[in-house]
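This report refers to the structure that appears directly beneath it.
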Amino acid sequence: MRASRSLLIVGVTATALVNVAALVVAEGEAKAEQRVAAPGFTVAASEDTYVTTHDQRVAKGKEWHLRTGTSSGQRRTLLKFAVSNLPPAACDITAQLRLWPRRATAGNEVTTVSRVGQGSWNEGTLWASRPTVGQALDTAQGLQSNTWAAFDVSQAVRANGEVSFTVTHQGTSHLDFASRENRQVNRPPQLAINYKTDCGGGTVPTPGPTPKPTVPTPGPTTKPTTQPTGKPTAGPTPGPGDGALWGLYRSGNADITVHEGTRLNSTTVPRRFDAFRRYYSFSQIIGTPPNQTVSWPSKRDAELARDRDLFLLFDSGCFGKCPTSFNGIALPKPVKFTGSNVPTDFTGEWFHPRDVASGRFDPLLRAIAKKIKAFPSPLILDISSEIDSQVEWMGNTPLRKEWLAGYRAMWRHIHDLFVKEGVTNVTWNYVVGGFANDDLIYTESYPGDAYVDWISWDPYDNGCSHGSAYGTLGRFYNRLEAGLLGQGARNKTYGIMEFGFGKRCQQAYFKNMAADLKRLPKIRAVLYFDRPNMPYTLTEEGWRGYALSGMDQYFNTDD
């Protein structure tokens, strides 16, 4: 419901009010009966966008939501309307701005609609060129979700022409409204205008609302960075400020933009994905000596990462045959794993992590560091993920102990080499499967709090036995919270780099996934792993369910 408002008339004496009232009656009484009410009309926004301190390089004019708020930074919504249907004789004009909130607001959260001050804008405007906030027109508290919120903007609409508004919000979290691009919700910003005609040669004066002072807008605050300082740190690295990043992986490092659109159908979702995943290997070497390097990250990765978070894995497992040299320097021989007891994803040739930790791969690692350092966006990096998948099948053998110890040493060596090479645009993501019952796999492979920013895992429920998204995603979460990797690890950001649900429970699990993740608040990213011909491959109903889950406010952190 709208909060009740009081009319405040400042600096006007009682005598003056009486005189004004008398003047209104004297001049207007004879003409009041001549007014004829005319049907109102509604104007849809001609342009809408928002600007933000979080992502100052990417315009938001095509987003399906409009965001405003001051939590962990600044966001402002901008709206533009072209009014053209007012007749010359229009009088007693009233105008209401109608917005469609995507969440409810508390009674102490204040949403303010103001005139746009100095400066022009369009849907390509960024934070640096934003217009100023002008005169406040109306405020509201206690907005309801998915119900029209109305603001009185009559002072700004006196005749035909272009009118612009900015929407600000003071609260503990940002606020989203449906944009004109959101055809799924189909509740674009509206300007509802009513008026009267035949005013008898003049408009009867009506005391309008006293102009309210401009609501002060705090200056930009610095968003907690996900980039390390270049030195190992034991402190936590925050994820997004509110909710979780929402992403997708499709086999072969497929381009996820083909699944982004303005409508929900069997192949597209009506929004952009917040995050994407890439799987690469030491073995992807290109060029000829002495100018060899790795083929990744790619130019397309850089394009996608402009407005999405990139979670990148590079693996000591080789894609096909392992290379024997790099720029003329011999590389250690790989270990080859075959046999029915070896997990499918672990078969083939692998460089032993012990050899990587020894420094024998440093020329290759420096080439990788150089490529990543030149990458134009921050990225979240993990090395040879799912150590539990790599060693669980080995049993209690010397090889398992070697591999676990080598893995930890390899991670630390690569981290320190990147620091030495001046790579500052990465955060470090320790990724496991999360299914092994043997705690020692995790405690012996964990690189240490000083070397890790994120802790992530890859949960699946192919048989629909866990009962919900919470039951699936929360199993390893609860082990971490119980102290599996120590108190320092509990201060890390958590993520889900892969997950999958059995086909018969996908729809039910996705329906409640946002609510379930609110019970797992340290998880700040979820990426569904949609691989063909698997028990967890998305069905048509599953695709729709995952897409609809992505419409929830909790999965909209992409600024």
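The backbone N, Cα and C atoms fix where each Cβ goes, and this holds for glycine too.
Pulled from TrEMBL, these are the features on record:
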ACT_SITE  Glu386  active site, proton donor
ACT_SITE  Glu498  active site, nucleophile
COMPBIAS  206-221  compositional bias 'Pro residues'
COMPBIAS  222-236  compositional bias 'Low complexity'
DOMAIN    227-558  domain 'GH26'
REGION    195-248  region 'Disordered'
SIGNAL    1-21  signal peptide
Cα separation, the residue listed as 'active site, nucleophile' to the residue listed as 'active site, proton donor' (Å, whole number): 11
Long-range Cβ environment of Glu498 (active site, nucleophile), under 8 Å and at least 6 residues apart: Tyr249, Arg277, Asp458, Tyr460, Leu527, Tyr528, Phe529
Local Cβ density at the residue listed as 'active site, proton donor' - other Cβ atoms counted within 10 Å: 24
